[in-house]
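Following: one structure in structure tokens, then a few remarks.
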Amino acid sequence: MSSPSESSSASEHEASDDNETQNVIREDLKGMTFEEIMKLKEELGAKVYKEAVLGGKSSKPQKPKAKTDLKRLNKNRPREMTTRRQVPFLGAEHRVERKKNLELRDPRFDEKSGTYSAETFKKNYQFVSQIRAKEVGQLKKKLDEVEDEAEKHNIKDTMQRLINKNVEDKKWHTKQKQLKKERSVIQKKHDLGQQPHYLTKKERRAKELVAQFEKLKNTGKLNKHMEKRRKKNAAKDRKRIGIE
């Protein structure tokens, strides 16, 4: 085994050789133009160039860092923690694991769920209308038991909102059936070689109003509907005259 004196002399000899090499490189660089030096730096790389000209990293053995003993001065005192490390939030480890394991997706904006079809969506969730109808029945029973006027008002608003949603869904399904009939008629005309008639928005609206009128007449609600429309138009007229 080599003695400490021999190893120190060997390291000094290597350091002197490195210094001589650096001096030779520096002398060569003095005779080169700035453009040639920059080209050489690009070819060698900035790291190699710096080590060759300025010298490599010092090979001195680094002293091991003193490990600070973070102890409590008293068992009733909290432990002293280092400020170099950020204190994790409570349950951070569990949240990271949950994010890795679970993939949260919103089917409305995810391409994996396919393209949105209003007709398919309405058909798949048609049972919601039945749930709303049951909720309206439950709210009617609750309305008879409640005595507070504010709570009664809230229950009535909720009932009306649920009824309106069911009415809108029913109108949508009726309109879709009518559009299917129109498409089938147009297709038959095409098959027979005839020119089909495409309904405009105005004609379709008039057709819907006629169907609504016939329905109200058959159910005996026509007079009530007309009275309601008359009051609504009268209120609009009063408002318009008051503004003018």
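Using N, Cα and C of the backbone, Cβ positions are placed for all residues, glycine too.
Automatic prediction, not curation, is the source of TrEMBL annotations.
What TrEMBL lists as compositional bias 'Low complexity' is 1-10. If you look up TrEMBL, you'll see 66-83, 179-192, 234-244 marked as compositional bias 'Basic and acidic residues'. Taken from TrEMBL, the feature compositional bias 'Basic residues' applies to 222-233. Among the features that TrEMBL reports, region 'Disordered' is placed at 1-30, 53-86, 171-198, 219-244.
Same-chain neighbours of the region 'Disordered' (171-198): 119, 122, 207-208, counting only residues six or more beyond its ends whose CB sits under 8 Å from a CB of the stretch. Residues 213 of the same chain lie 6 or more positions beyond the ends of the region 'Disordered' (219-244) yet place their CB under 8 Å from a CB of it.
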